[in-house]
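As recorded in TrEMBL, the features of this protein are as follows:
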| type | residues | note |
| --- | --- | --- |
| BINDING | C221, C274, C283, C287 | [4Fe-4S] cluster binding site |
Amino acid sequence: MPTIDFSKYPFLKDIGEELKKFGGGVTLNDILESKYLEVAKERLEKIIKDEKVESFSNVRNSVLVFYSLILIVALLNNRSITENIAKKESKLIESDLIKENPENLLEIGKLLGVNVSKDELKFSIKDKGKERNIILPFSIPLTDYLFHIREIKRINENFKLNKRIVTNGKVYINKADLTRLLREKIRLKIIELINSIKLPSVPDNLKKIADELRGRKTPPCIVELRKKKELTDEEKRILVVYSVNVNEVTDELDKELVAKFRGNRRERYIVYSCEIMKKLNLCVAECGVKNPLELYYGRLLS
């Protein structure tokens, strides 16, 4: 019977189920107030800087760290960072996958939607005049295989069908190739998890960490507007346009204004320049920029 160590593969664990381990009443917001968010931030920084990162198998409460990590990445809202994180994490996970026994690999494959079976195929080939025995211990139905390699074959030509052994409607592969296939499925799953996150509101500590990672700074004029209890119509418009520009729309903002200033593919609204903000007496500091958005996007990671 397969026994999956979810600490190695936290993306396979439902966050709701994980929270139950900590007793009733513990929510994801509670986790975001804990040390796991800081651990996730440090991990993300190392990945971005291409520094050595430990496998999740060596991370305490890895499921909570993983979900904290993807929350930060989701808030960064940067495609290149998302893809980089998914690529690096899936490669790290591959080093644990290759050590798994066949039963665990099959179960992990199943959880990732890969219909793989333990189905051994033996044959011999001649290599430099010598006969060599080949054993391919796993098989995947041909139609399933074609579906799963749509992306991977562009990266690794060895997965193309003309380089595979196909018989009786099944594609036979060895453990290394199965592991590589699962790694690609994990990469795509991590991207899917990140892209699926929709935060109705962003906790201050999560926003702060995301801004630190991006080098972003909320413009002082926007900070002051957010502090005000009563806003003029002009101030409301400025705050909504800024929030739309930086993808930080919250429930507190006027929904009609948000819909208006989100625009469409042909038009886009940009927050006022610093010159206009000064004329409106809304500039509160000399920031050395021409538009408040420069403070936010100036050092965006790429």
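Using N, Cα and C of the backbone, Cβ positions are placed for all residues, glycine too.
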Note the Cβ centroid of C221, C274, C283, C287, the recorded [4Fe-4S] cluster site, then list each other residue of that chain whose Cβ lies within 8 Å of it, in sequence.
P219, P220, M277, K278, L282, V284, A285, E286, V289, P292
To see if you understand the setup: which same-chain residues, six or more apart in sequence, place their Cβ under 8 Å from that of C274 ([4Fe-4S] cluster binding site)?
C283, C287, V289, K290, N291, P292
Can you check which residues sit near C221 ([4Fe-4S] cluster binding site), meaning Cβ under 8 Å from its Cβ, same chain, 6 or more apart in sequence, and list them in order?
M277, L282, C283, V284, A285, P292
Just checking, which of C283, C287 (binding-site residues) has the fewest C-beta atoms within 10 Å of its C-beta?
C287
Name the secondary structure element type, per DSSP in three states, that contains C274 ([4Fe-4S] cluster binding site).
helix
